[in-house]
Structure formats: C-alpha cells, structure tokens
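Engineer: Just dropping this structure here.
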Amino acid sequence: MNFDPIDDFDDESQVSAELVAGDGDVEASLRPKSLDDFIGQPRVREQLQLVLTGAKLRGSTPDHILMSGPPGLGKTSMAMIIAGELGSSLRLTSGPALERAGDLAAMLSNLVEGDVLFIDEIHRIARPAEEMLYLAMEDFRVDVVVGKGPGATSIPLEVAPFTLVGATTRSGALTGPLRDRFGFTAHMDFYEPEELQQILMRSAGILGVNLEVDAGAEIARRSRGTPRIANRLLRRVRDFAEVRADGIVTMDVAQAALAVYDVDQLGLDRLDRSVLSALVRSFGGGPVGVSTLAVAVGEEPSTVEEVCEPFLVRAGMIARTPRGRVATAAAWTQLGMTPPPDAAAGGIEVRVNEPQATLFDPNGE
C-alpha cells in the first residue's frame with residue numbers, strides 16, 4: 001500500500017498550543033494502576049516494592065522518595081501507583097507553584113496521616129518553601145512566622161506524617177540538604193524497544209486501535225525510549241489510519257504516518273535534526289554552549305537540554321564536554337555529511353579522550 005505523506009496535509013495542523021478536549025482523560029486511561037501493571041523499569045519496581053511492603057508491614061509511612069530521569073518515563077505514573085499501593089490519597093503540585101513558604105504551609109496543613117504529596121519538578125521549588133520543607137520532611141512540623149521585625153513570632157505547626165514523592169529531570173540541580181532528606185532515590189532509565197512495544201499493544205487495546213505487531217515494533221523503535229512519546233505517536237498513527245486508510249495500523253500505515261509527522265527511523269524529529277544541523281553546519285561540530293545552540297534553533301536552552309539532548313547523547317550523536325557540546329561522527333553521518341578526521345566515532349570515544357559533563361548537570365555548558 002502506497003501513501004503520499006505530503007498530499008492534502010496542512011503543516012499548520014501539526015502544532016497546537018491548546019490541550020484538545022479529552023486528551024487528559026486519554027492520558028489518565030493509559031496510566032498503569034499498579035506496580036504489576038507497570039511495564040519496564042524492573043529494578044525500580046523491585047526496589048519500590050520492597051520499600052512499600054516494608055512500610056506496610058511496620059504500619060508506618062514509607063521514607064520520602066525521589067524519582068529522577070528524563071521527561072516522559074513514568075515518574076508521575078509511579079507516584080500515583082505509590083499512593084494506590086499504600087491505599088492513600090495523592091496530593092499533586094509542582095515546584096514552580098510553590099513560590100512562597102506560605103504556599104507550602106497551606107498544602108501541608110491539609111494533609112492527613114499517610115497521604116502522599118507529589119511535587120513535580122521539585123528542583124524548581126523556591127528557596128523559602130524548600131527550607132520549610134526540610135523540617136516537614138524530618139520532623140513532620142513547620143514553623144510559621146507571624147508578623148515582621150522585632151515583633152515577629154514563630155508558631156510551630158504539626159504536620160500529619162506523610163510521604164513526599166519528588167520528581168526531577170535534573171537531580172544535579174537539587175540542593176544537598178534537600179536531596180539528603182530522601183530515603184530512597186529511583187533512577188528512571190530509557191526503555192528498551194521490546195518494552196515500548198508491550199506498552200503500545202496495551203495502549204492500543206485501551207484505545208480500541210487495531211495495531212498489528214510489526215507496526216507496534218516500528219513505532220516502538222522510533223519512540224526514543226520514552227513511553228510518553230510512544231503513546232503520542234500511537235494516537236497520531238491512529239488518526240492517519242482512520243483518515244487515509246481502513247483504520248488498521250499496518251507496517252505500511254505506521255511508516256507513512258510517521259513520515260508525515262517528521263519522525264525518522266531513529267526517532268529524531270524536526271527539532272532534533274535542527275539541533276544537529278546547527279551544531280554541525282553552523283558551528284563546525286562544536287564545541288558550543290547550550291545557550292548559543294538554543295538561540296541558533298530558536299528554542300529555550302532548557303528545551304534543548306531536557307527534551308533533545310538526553311536522546312541525542314544516548315544515541316551517541318552529541319557529547320557533553322567541559323568546553324561545550326560536540327557532534328560525533330554519527331551526527332555528521334546522520335545529516336549525510338562526511339565527518340572530519342578528528343570527529344569522535346561516538347560517545348564512548350569522546351568519553352575516553354575528554355571527560356563529559358553529567359547529562360543533567362546545569363554547569364555542563
């Protein structure tokens with residue numbers, strides 16, 4: 001079956017800044033409900049099972065849990081599962097939303113014993129709120145300051161025992177005192193294609209998509225090791241199958257749909273290729289700082305650093321060195337260009353010859 005990925009396609013229809021009605025419900029329906037339902041991350045699941053079961057046997061709240069890793073790997077889903085496994089209520093917030101200590105105090109005062117408090121992007125929490133969180137995590141109390149100047153008084157406020165689950169894409173950006181107060185840290189890794197294929201087949205069943213096995217494997221290979229991307233591509237391929245085919249997602253349909261959405265066989269999208277192109281064509285392969293690279297592609301540095309780089313580094317196309325980002329020979333080859341003689345063949349060679357900065361180290365410019 002042949003498809004023209006260009007005919008009758010409106011480029012402007014690819015991007016929408018608004019959340020389409022029902023997308024939130026779809027996302028919720030695809031989330032696993034228990035550790036047994038969770039596909040992938042076997043080491044993290046085993047560790048969490050021990051932490052949670054031990055706490056239930058003791059009749060106490062588990063230690064505070066920090067989950068780190070790139071976006072889209074299931075940190076929020078895991079927080080929901082933790083609350084479900086404990087039979088507790090889940091309270092959700094994010095680091096940027098906690099600008100003042102009073103914001104955090106109000107949330108903590110409403111917790112009941114055993115609740116799970118989930119703070120997404122915890123590395124972005126404001127310093128006053130973070131300092132209040134220290135005492136709440138250790139002693140389950142906070143000191144609320146009333147008044148100003150010499151007449152100010154500190155009123156102790158008891159907090160019900162709770163479990164804090166923090167999620168971060170940049171564990172290196174957490175302060176030492178905050179990081180040390182977590183009793184368990186789970187490092188989420190990218191998924192294998194076989195695991196993503198299982199996730200896709202499960203999601204297809206929930207969404208009512210007729211997904212053939214080889215088509216699921218093809219989508220999984222292009223999903224950058226990330227379940228969120230895999231499920232997003234599945235929905236877009238479903239749209240293509242319903243509009244331009246007979247609704248069945250075959251290998252041909254999947255490949256044609258992914259071509260429409262500019263996802264190549266490695267899973268690189270338009271932004272990834274723009275980053276590689278700027279690094280190679282504009283800066284001769286580097287080294288170049290992330291801020292300069294972000295300006296060249298018209299994106300925020302955080303977008304390049306947190307969305308593009310994790311996969312490009314893992315794919316061996318970009319190396320993070322103390323002097324900046326460097327394109328490997330694989331990046332030149334991906335762009336159809338001949339790499340210079342001194343270009344590293346891949347991430348391993350670069351790490352041997354020059355130490356790389358940590359992937360999520362904010363100082364790795």
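Using N, Cα and C of the backbone, Cβ positions are placed for all residues, glycine too.
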Engineer: Since Swiss-Prot lists Leu30, Arg31, Gly72, Lys75, Thr76, Ser77, Glu138, Asp139, Phe140, Arg181, Tyr191 for ATP, which candidate among Arg222, Arg224, Arg228 does it give for that site as well?
Structural biologist: Arg228
Engineer: What counts of helix, strand and coil residues does DSSP assign across the region 'Small ATPAse domain (RuvB-S)' (192-262)?
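Structural biologist: Grouping H, G, I as helix and E, B as strand yields 52 helix, 4 strand, 15 coil.
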Engineer: Going by DSSP, give the three-state secondary structure for Arg325 (DNA binding site).
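Structural biologist: DSSP call for Arg325 (DNA binding site): strand.
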Engineer: At the Cα level, what's the spacing in Å between Arg320 (DNA binding site) and Leu30 (ATP binding site), rounded?
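Structural biologist: Approximately 34 Å lies between the Cα of Arg320 (DNA binding site) and that of Leu30 (ATP binding site).
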Engineer: How far is it from Leu30 (ATP binding site) to Arg325 (DNA binding site), counting Cα to Cα, in Å?
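Structural biologist: Per the Cα atoms, Leu30 (ATP binding site) and Arg325 (DNA binding site) stand 36 Å apart.
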Engineer: Just to verify a number: CA distance, Arg325 (DNA binding site) to Gly72 (ATP binding site), in angstrom, no decimals.
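Structural biologist: Rounded to a whole number, the Cα-Cα distance is 23 Å.
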Engineer: Quick one: give me the count of other CB atoms within 10 A of the CB of Arg325 (DNA binding site).
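Structural biologist: Other Cβ atoms within 10 Å of Arg325 (DNA binding site): 28.
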